[in-house]
Amino acid sequence: MSLANPSANTRTNARRYDLDWLRVIAFGVLIFYHIGMFYVTWDWHVKSPHASTAPEFAMMLVNPWRLALLFLISGIALRHVTDKGALASFSGRRTLRLILPILFGMAVVVAPQSYYQLRQAGVIEAGFGAFYADYLSFDAGVMERWQLIVPTWNHLWYVVYLLVYTWIVILLIKPLRALSRQADRLPAKAWPLILVVPALPFVLYRFTLVPYFETTHDLVWDWANHANSLTVLLLGFLLAKNEGFWRAVRLALPVTLVLVVLCTFAFSHFWQETVLLGLLENNPSMLAAIQSLRVLYAWWVILAILGLGQRFLDRDSPARRYMSDMIFAWYILHQTITVAAGYYLAKIALPAGLEFALLSAATILGCLAGAEAIRRSVILRPFFGMRLAGHAPIATARGGDARQSAREAPASSSAS
């Protein structure tokens, strides 16, 4: 049965400040995750001399849900914007607001990442000018010599995928709206179902696609990543205005928090006893169980975050308005700042704690200063997803908040 009562309708028509906050938090998690990549043994652009396996368990806990949360919120935001009508006009505006950061990012913002990566690897000599000419040359010989595809989008792959997924949603808008009306029949008392049922497609992907399609972020041959990312975005789109789902999330919050804590302890045990010792390779049933639990854990973390957001973050403030307007620019800038700062800090050979503090400070302050400069530049604003004029808040409106939701959210939310 569908939920239809005065309190539900009131909440449906309310603005969702918690989703703005969660969008900021999701991007913030990605920024600090990339700082962490400087310190683990996994492949990344540049590495600290202090890189080790020590931080990898904490990174492993974040890895399964960090991007899924962002794509889910992107799907929710996409639902609210597309429900305002004028899809043709919206499609053109959204394409422009995403394609400009992608192209400018590949040509300008991301280029230093490849430069410092090649410099630390000893592949090229110092001199950004010569490197940059080769970077923009589309020369197959250069790419073969560098073992890199250039120009590249690196961390901006999310924006590329979001653009493609936006087109898919627009093409399928009628059946998606019909399907969402069926999903609206979910009663809040069925909250135990949301703990498992939405995660089942991702468990299926884990065993049917992930083993055969390595994550590449190259758009063309990234089928496991596409399955996961597009599905979670569509899930956000379908559930965005489902009051039964949001009430179920609130009711399930104590359970999801307990499940997340239990999974953390379980993973800690398996990490120490099996993963680090390589014992899982000869125990396929245990490996499959852990892989399934890891998928469920990611979904439970997301449910817990959504529940906590509804409980503690559904309120407006000047900080929310400022960060909502700036976070996309921070995201575009952050990895280049982290890579550049990391390259020079690695050469100094500082103590690990001091190096981490300086790298974090450089990334944060660089993002703040860079985005402020961009905000004041009429020329640069469109290349970082900002509106040409105006600084309206972007809180997601639900249902009938006509005056607030009559216009599309500012371009700083164009990645959501």
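For all residues, glycine too, the Cβ spot is worked out from N, Cα and C.
Unlike curated records, TrEMBL annotations are generated automatically.
Not measured: the values here are computed from a predicted model.
Record features, source TrEMBL:
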type     : residues : note
DOMAIN   : 17-369   : domain 'Acyltransferase 3'
TRANSMEM : 21-42    : transmembrane segment
TRANSMEM : 57-78    : transmembrane segment
TRANSMEM : 98-116   : transmembrane segment
TRANSMEM : 155-173  : transmembrane segment
TRANSMEM : 193-213  : transmembrane segment
TRANSMEM : 219-239  : transmembrane segment
TRANSMEM : 251-271  : transmembrane segment
TRANSMEM : 286-308  : transmembrane segment
TRANSMEM : 328-346  : transmembrane segment
TRANSMEM : 352-371  : transmembrane segment
Next on the checklist: Let me check one thing: do the transmembrane segment (193-213) and the transmembrane segment (155-173) come into contact, meaning three or more Cβ pairs under 8 Å with sequence separation of at least 6?
Outcome noted: no
Checklist outcome for this item: Comparing 21-42, 57-78, 251-271, 328-346, 352-371 for Cβ pairs under 8 Å with the transmembrane segment (219-239), the winner is 57-78
Checklist entry - On the 0 to 100 scale, where does the mean pLDDT of the domain 'Acyltransferase 3' (17-369) fall? => result 95
Checklist entry - Given pairs 6 or more apart, does the transmembrane segment (57-78) have at least three Cβ pairs under 8 Å with the transmembrane segment (328-346)? => result no
Checklist entry - What stretch, picked from 98-116, 251-271, 286-308, has the most CB pairs under 8 A with the transmembrane segment (328-346)? => result 98-116
